[in-house]
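Here is the structure we will look at, set down as structure tokens.
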Amino acid sequence: LPLLLEASLLWLASGSHHPFYNGFYYNYIMNDKGNGQEKVVYFNGAKLVVETPKDPVYSSNGANVTLPCHYHYEPDLESKRKIRIKWSKLRDDYTKEQDVLVAIGKTYVAFGDFRGRAHLHQTGRREASLVVSDVRLQDDGKYRCEVIDGLEDESNVVDLRLQGIVFPYQPPRGQYSLNFHEAERVCQEQGAILATFNQLFQAWSEGLDWCNAGWLADGTVQYPIRLPRKPCGGVHLAPGIRSYGPRHRHLHRFDAFCFSSALRGEVFYLDHPSGMTLEEAKQSCQDMGAEVARVGHLYSAWKFLGLDRCDAGWLADGSVRYPIIKPRANCGPVEPGVRSFGFPSEGRFGVFCYKER
């Protein structure tokens, strides 16, 4: 009997047998030859597959968006199963996840900023799509759809991208005066957030050329160059995103690259025959049930609403700017853009106001 038992164990360990089934299905689970062959375990007799779109899903600030996710089994299982679904938001480097939603059946819980804004869309068979309402700037990024069936756990990723605009920002005190945390704050004060690398790259591909280095959301410092030149890395470097890499978030100081998306309201211009001081401009906007527009508001109105005005106006940070869609005489350079007069300590101008819809 001991010899028979030993022979049976040797036969099982030899790897020459077929996978066996005793309520579960194991494939290559006894492969321990160290030959690099992947060990695969399929429970319940079928492989769980999670599918999401390969192309990014696009949305904008304030909109509602659905992130598609479906799952199936190979071969198919007809019986209904108690599935757990989990959605998480990933960092660009995949090192950290933010819980978005967990669901079992029709019961779900949303977390953090997604509470009250996220729910499952399960109209189809074996659908696990996520609906996010009132999309915010911070929602831009990659999301993991995870489906859990007992001991099986499979996932895939959806890339949500907000349609927006990246703009460089310097505060009143001048160039290279912001550490990382101050850069985060000034972008938020201007109706924006710190841009990601992907957002900066998209802006560069659309023509952004800026020779001053600025913080990005991952703590790196970079700048986009379309036309190589000596002060911007040298004339012999190819166009692209120049990088200083990660910098010390407290000690090092640079400008900021901010990201803003479509507006939830409108930007309009007010003027006075003799112009206005900044305080008078604030009062004029308040009289119209509005506020002085922020820099992010003006850039968004320029890009998404086609705002074109060859009259300089105050903005909330004390700067004076104006947006040009169609370049013309006496309206600045030959390229479209948002022109800046800086932060004048005195002077009288019009004002750009912003009013929520």
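Counting starts with 1 at the first residue shown.
Positions of Cβ are set from backbone N, Cα and C atoms, glycine also.
Note that this is a predicted model, so its numbers are computed, not measured.
Features of the protein shown, as given by TrEMBL:
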SIGNAL    1-15  signal peptide
DOMAIN    47-158  domain 'Ig-like'
DOMAIN    165-260  domain 'Link'
DISULFID  C211-C232  disulfide bond
DOMAIN    266-355  domain 'Link'
DISULFID  C310-C331  disulfide bond
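Cβ-based crowding with a 10 Å cutoff singles out C232 as the top-ranked of the disulfide-bonded residues C232, C310. For the domain 'Link' (266-355), the model's average pLDDT works out to 97. Its Cβ placed at the centre, C211 (disulfide bond) has 14 other Cβ atoms within 10 Å. Each residue contributes its Cα atom, and for C310 (disulfide bond) and C211 (disulfide bond) those atoms are 25 Å apart.
Cβ environment of C331 (disulfide bond): C310, Y322, I324, R339 lie under 8 Å away, each six or more residues apart in the same chain. Residue counts of the domain 'Link' (266-355) by helix, strand and coil are 20 helix, 26 strand, 44 coil (DSSP-based). Sorting the domain 'Ig-like' (47-158) by DSSP state (H, G, I as helix; E, B as strand; all else coil) yields 6 helix, 60 strand, 46 coil.
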